[in-house]
Amino acid sequence: MGPNNVDRALAAAEHDAAIPVSPTPTHHELPHRTSAEIERVISASSVSSASSHSARGRRPSTVGTGMSRVSTSRDIPPTELGRIQTARSQHSATVGRSIRSRRSRASLVKPLPPFGAGKPYPPLLPNQEDFVVEFDGPDDPLHAQNWPLAKKLLTAVMLGYTTMIASFGSSIFSAATRAVAAHFDVSPDVSLLGVSLYVLGFATGPTFWAPLSELKGRRLPLVVSMLGFTIFNLACGSANDFQTVLISRFFGGFFGACPLAVVAAVFSDMFDNRTRGMAITVFSMTVFTGPMLAPFIGGFMVEDESIGWRWTSYLMAILGLVAFVIDLMFLHETYPPVILVSKAAELRRRTLNWGIHAKQEEIEIDVKELITKNFSRPMRLLFCEPIVTLLSVYMAFIYGLLYLFLTAYPFVFMGVHGMSTGVAGLTFFGMVIGQILAGVTVLLQQPWYSKKLAANNGVPVPEWRLPSVIAGGAAFAIGLFWFGWTGYTKDIHWIWPTLSGLMTGFGLASIFLQALNYLVDSYLMFAASAIAGNTFLRSLAGAAFPLFARYMFDGMGIQWASTLLGCVAVALVPIPIIFYMYGDRIRAKSAYAPTFAAAPGAAESETGDDSELGHGEKEGPSSVARPDMDTAQRAV
């Protein structure tokens, strides 16, 4: 906060302290509200106080959303309204924010305990909302979207590096599996568990890191996770037995999952609707190119007897330590509710007014809600929603093949063409280039998508995302056939199976980038749960596929194993085609996918709270006129 803003805040606080507290105004006496007041969210206590008012015959307008419905369109333009609406919905969707909390349950079970020391209960405090700190309008420099561009880019580079090393660590161990098997006297297939358990950590980690990032902010989980990532990679490199290697790899993946789950949310905090799509695309490229860049580095390290397999883990520990130091020293908090917590703490110290606080500080952790939002609901969506189920199966197959290639490529380039481990790893650059081409294609489509979005009054049609998925599915299947039938014999030059990676890489990235966006557009306020279920299933596939790859390619041969996988890929291509043709009808029957059209004054209405809608409850047009894409895209 700049000095001028602090001085203004202090002056206002001193002025307010000198004014006697007036009774809460009635409906006809509501004062004019500035833009800084728009994002106030009704707390549990204020809802409780409103309930008595409701019992007298008037229903408060905050029921169901936990937000004020005071119209503000006359005060600020729609774009600024959208930003404030995002901050409000971010807070209302935070774990533990449910108004159906332990407060109401406890009051029904037992009476209040004595106040203590013989004291009577004190009178009620003044209106709690008067002590809640907020942003100083939509242009407050504290908000991450108002940071200078140089600061945003520096943060993006730091977090891109952090994400890259996490995904990089998932595959660098694949080059060391034979050496590890020989060192600990286990079979090469068993040593592949080091890869599978790391990816399994990717499946379980987000259930912890994602809610933590919404309770304590983005910076703390990222810093802590990089420290844990460093420690467990050191443990893996110095292991004296095989079980220590496996345990360390699993927890390395668990801690490495944090940037994969949180960094996209950081980008959502920093970038607005115009630039967020491009930022998320670049971020996603670091996730998918990382596993393809590691094998050749690990291969050359394992080949050098003076380095050995242990340095594949030591290298990851060094890279993780660099990320930990950089994030600890230079990463600033971006999550708006937690930024306000810091602002409130500063004002409390400087004004000596203990009542000043941020909305985030009113949150009480509810274990039942944590379980519901982070496990129960994602599983219901995964197994009960056709869109989530079929797309997750498709993406699980694609993601599994990403890690199956870590075994398939050595079969072709080492087994058939006689390359060394390091040189064979260089052939993955075909897939890397294909993924980059897919990312560029998605970025080039952004102006076209923005025009269609503007023409539709800002309401996204999810099916606009699917042409890229369909094209990517066809390219991916072609790449599999190409790889198998050019790689099974050394009579065909090695460049041809290498070039097949252009198609498989392009298809893989196209499918993932736009299929994830399709889930976000389809489920909006439930997007976090839909993506969580999707991530769980595809991470299981990523962990399982490498374990049977060796048996499949040995037993069937390279060409026929690739043909089988290509046929499965072809069989799955109709999934996005069906959704492109009938997706709107399927969503209309969904209990979770909202179906509504753009409406005048859409910016004035609130989004529903993910934590407030139970199984089978569907948010309809009457309660939501326009989706809040900012909150939904934090899930990607």
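Backbone N, Cα and C atoms are what each Cβ position is placed from, and that goes for glycine too.
Just so you know, TrEMBL annotations never went through curation; they're auto-generated.
Residues annotated as compositional bias 'Low complexity' in TrEMBL: 43-54.
The compositional bias 'Polar residues' feature in TrEMBL is assigned to 62-74.
What TrEMBL records for 627-636 is compositional bias 'Basic and acidic residues'.
According to TrEMBL, the feature domain 'Major facilitator superfamily (MFS) profile' maps to 155-586.
Here TrEMBL flags 1-31 (among others) as region 'Disordered'.
The annotation region 'Disordered' is assigned in TrEMBL to 43-77 (among others).
Residues or ranges marked as region 'Disordered' by TrEMBL: 601-636 (among others).
Annotation source TrEMBL lists transmembrane segment at 153-172 (among others). Within the same chain, residues 147, 195, 198-199, 202, 222, 226, 229, 233, 252-253, 256-260, 263, 266-267, 270, 279, 282-283, 286-295, 297-298, 312, 315-316, 319-320, 323, 326-327, 330-332, 334, 403, 406 sit at least 6 positions outside the transmembrane segment (153-172) and bring their C-beta atoms closer than 8 Å to a C-beta of that stretch.
Sequence-distant contacts of the transmembrane segment (192-210) (same chain, six or more residues past either end, CB-CB distance under 8 Å): 169-171, 173-174, 176-177, 180, 221, 225, 245-246, 249-258, 260-262, 265, 374-375, 403, 406-407, 528, 532, 535-536, 539-540, 542-544, 546-547, 550. Per TrEMBL, the feature transmembrane segment maps to 192-210 (among others).
Taken from TrEMBL, the feature transmembrane segment covers 222-240 (among others). Long-range neighbours of the transmembrane segment (222-240) within the same chain, counting only residues 6 or more positions beyond its ends whose Cβ lies under 8 Å from a Cβ of the stretch, are 159, 162, 166, 169, 209, 248-249, 251-252, 254-259, 262-263, 310-314, 316-317, 320-321, 323-324, 327-328, 331.
As annotated by TrEMBL, transmembrane segment applies to 246-267 (among others).
Annotation comment: TrEMBL describes 279-302 (among others) as transmembrane segment. A Cβ distance under 8 Å defines the sequence-distant neighbours of the transmembrane segment (279-302), meaning residues of its chain 6+ beyond its ends; these are 156, 159-160, 163-176, 178-179, 260, 263-264, 267-268, 270-271, 308-309, 311-312, 315, 402-403, 406, 409, 420-426, 428-429, 431-432, 435-436, 439, 442-443, 505, 508-509, 512-513, 516, 633, 636.
Marked as transmembrane segment by TrEMBL: 314-331 (among others).
According to TrEMBL, the feature transmembrane segment maps to 387-411 (among others). Outside the transmembrane segment (387-411) by six or more residues, the chain places 170-171, 174, 192, 195, 199, 288, 291, 295, 381, 421, 424-425, 427-428, 431, 473, 476, 480, 483, 504, 507-508, 511-512, 515, 518-519, 522-523, 530, 533-534, 537-546, 549-550, 553, 558, 561-562, 565, 568-569, 572, 575-576, 579, 583, 586-587, 590, 593 with a CB less than 8 A from a CB of the stretch.
Residues of the same chain lying 6 or more positions beyond the ends of the transmembrane segment (423-444) and with a Cβ under 8 Å from any Cβ of it are 175, 278, 281-282, 284-285, 288-289, 292-300, 405, 409-410, 413-414, 468, 472, 479, 494, 497-510, 513-514. The feature transmembrane segment is assigned by TrEMBL to 423-444 (among others).
Listed as Cβ neighbours of the transmembrane segment (464-488) (distance under 8 Å, sequence separation of 6 or more from its ends, same chain) are residues 394, 398, 401, 408, 412-413, 416, 434, 438, 441-442, 445, 449, 452, 496-497, 499-511, 513-515, 517-518, 521, 557-563, 565-566, 569-570, 572-573, 576-577, 579-580, 583. The transmembrane segment feature in TrEMBL is assigned to 464-488 (among others).
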Who are the chain neighbours of the transmembrane segment (560-582) in space, where the CB to CB distance is under 8 Å and they lie at least 6 residues beyond its ends? 387, 390-391, 393-394, 397, 401, 404, 408, 463, 466-467, 469-470, 473-474, 476-478, 480-481, 483-485, 487, 515, 518, 552-553
Who are the long-range neighbours of the transmembrane segment (494-516) in its own chain, taking Cβ under 8 Å and residues 6 or more past its ends? 281, 284-285, 288, 292, 391, 394-395, 398-399, 401-402, 405, 412-413, 417, 419, 427-439, 441-442, 465-466, 468-469, 471-480, 482-483, 486-487, 531, 534, 576, 636
